[in-house]
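These notes concern the structure reproduced below.
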Amino acid sequence: MDTGESSDESPIQAKKGKSKAPRKPKASALKQKSPAEFFAENKNIAGFDNPGKSLYTTVRELVENALDSAESIAELPFVEITIEEINKSKFNSMIGLIDRERIDEALYGDFETVKAREKRLAKEARFQEIQAKNVALGKKVKEQVSAKAIKGRGEASFYRVTCKDNGRGMPHDDIPNMFGRVLSGTKYGLKQTRGKFGLGAKMALIWSKMSTGLPIEISSSMKNQSYTSFCRLDIDIHRNIPHIHVHEKRDDKEQWHGAEIQVVIEGNWTTYRSKILHYMRQMAVITPYAQFMFRFISDTSDKNVSIRFARRTDVMPAVPLETNYHPSAVDLLLIKRLIGETTKQNLLQFLQHEFVNIGKSHAERLIGEMGPDFSPKTSVKSLTPQQIVRMHQLFRQAKFDDPSGDCLSPAGEYNLRLGIIKELHPDMVATYTASAQVFEGHPFIVEAGVSLGGKDVKQGLNIFRFANRIPLLFEQGADVVTRTAMKRINWNTYKINQTQDKIGVFVSIVSTKIPFKGTGKEYIGDDISEIASAVKTSIKQCCAQLKSKIVKKIQAREQQERKRNLSKYIGDATGAIYAILKESSQLHAKKKRMEIKDEDAELLQKVSSRIITKETLSEKLAQHVEQVDYEMAMEYATQSGVREEPRENIYIQALEPQKNFIDLHSPVFVFRLFR
């Protein structure tokens, strides 16, 4: 019996009737997640934090894919992006769901209780009473802030996002895997790329499946292809494979090449409208050779938006080149992967062909330093783990030449300047491109521009950040560009008022590896001294150019002021000078003793004979002032518009077989010579 034991139990335990026995942990089963499942559960990593941010990221991914596609075939990009708002009834009809009216209003999150309604009405009444008193006292009347509408969690807004380009297009058989299999694509490798994770439209498809359940639709056609590929698919998130609904070939009557992608997602246009438009504007700055057509379509006509970002040049940057790894930038895993993928047989060939800046003699010296177990003819596939570690240790300690920036493709100083002028219409602009530098074995190039004045530019610092030619809009405060512009540049030194002037600071960084920080990869950290120093130097170079222009403008303004002052006193000066001359001529005529030079005597004779009158003297003074003003204007135009010497050498671009012209580049213009 349990009578004795139950007497020691607490009243609570007695109520339950029996004591708690410790639970035995269940044997945990080993589970595995697919890449698609991982990103679906951690969608904030790829920029899909909330519906509004997801709409923005979807637009960004589609636009950047479109630019990459067009640039890969040296085609001037033309990108059409359309966001169509889909109301609840239309969305329900798309998925075959019948609208139902509410039966139990109190069940919904936007239901207002009697108590809440009374509280709201009382608050409104108090506000009206205060307003009446203010009117009676003649005080300023404040506008009533409208109460925020209560929005339930289940209420959502849906949008159809469509992006069409004139790029390369996609091979028919590759389309399902290119969109329906995460971490598979054409952008993997060591080269400058716009993407951050290599997800592209795949993450938009995952978000579409999570928020609407609707598939993505892709139309694609390649050059000299007689058909258009059409594919409707979604993704099996757990297996990371595409689920194909339709995959067929259709007639290409328009002879179009490129891709058109359409996806329906949950989003929030209201909160992210400014971010999306700001992104499109910044993209137009960094790619003035592209034409963008942006549309937002809604059932409410006054919400519709249509903006055309026109192309302003046909000068495109070179296509970024894939390059080999620098020995100082590799780790053990990467060395093992390169050994597994290489086609070279021996160690000497492996070092020469799989890494940059290792020639034959350098490779032989490295092999000799590795030890007696290594020789130039050692089979690279037979290296032991210990030998690979030894190779890695030597790579970290040995001295290598820095990689060149030949594999990089910056926007170009001409394009950056043109983009700034096209979108901001500044009063002054200066640009600068630094030479290639290196951090952790990766080359990088910093381009900078600083503008003063302009359209839709706020007072103070307006910072525009770009990484591999894409705009960065979030987490600006922690970025190396922001911190440098705010804290490390003494703007007053360059005759620029940091708080009063409208200053635009543009910094673009391109590299084979952008050192992003944070889970969303939205900013570049301030902890890499090489990049921080290059950014500071580039901005200061732009400021120095602007200072020269500002000083000359101030001088020109002072000269104009002097001209106005001279013109103002021409009458008085003429009267005084003529009176002195007339009196002197009279004295000279009376043959009084005056010691004067021959030319002065001739001048007095002209005054006596009235060849020189007060009117002619006034006319001569006015002509002199005009001449001074003309010379000043010509000098200012020359100084501000034409440099005495080019700031950097003009170079001739490589002449491709299909072109019949040569481009001569400089920072401020491109001279095209047709053959």
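We count from 1, first residue shown onward.
Note: Cβ is positioned from N, Cα and C throughout, glycine not excepted.
Copied over from TrEMBL, here are the features:
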- 1-33: region 'Disordered' (REGION)
- 15-26: compositional bias 'Basic residues' (COMPBIAS)
- Asn65, Asp165, Thr186, Lys187, Gly195, Lys196, Phe197, Gly198, Leu199, Gly200, Ala201, Lys202, Lys521: ATP binding site (BINDING)
- 403-562: domain 'DNA topoisomerase VI subunit B transducer' (DOMAIN)
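Overlay of TrEMBL feature records on the structure.
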residue: Asn65; record: ATP binding site; Cβ within 10 Å: 22
residue: Leu199; record: ATP binding site; Cβ within 10 Å: 24
residue: Ala201; record: ATP binding site; Cβ within 10 Å: 21
residue: Lys521; record: ATP binding site; Cβ within 10 Å: 19
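Per-residue pLDDT, averaged across the domain 'DNA topoisomerase VI subunit B transducer' (403-562), gives 89.
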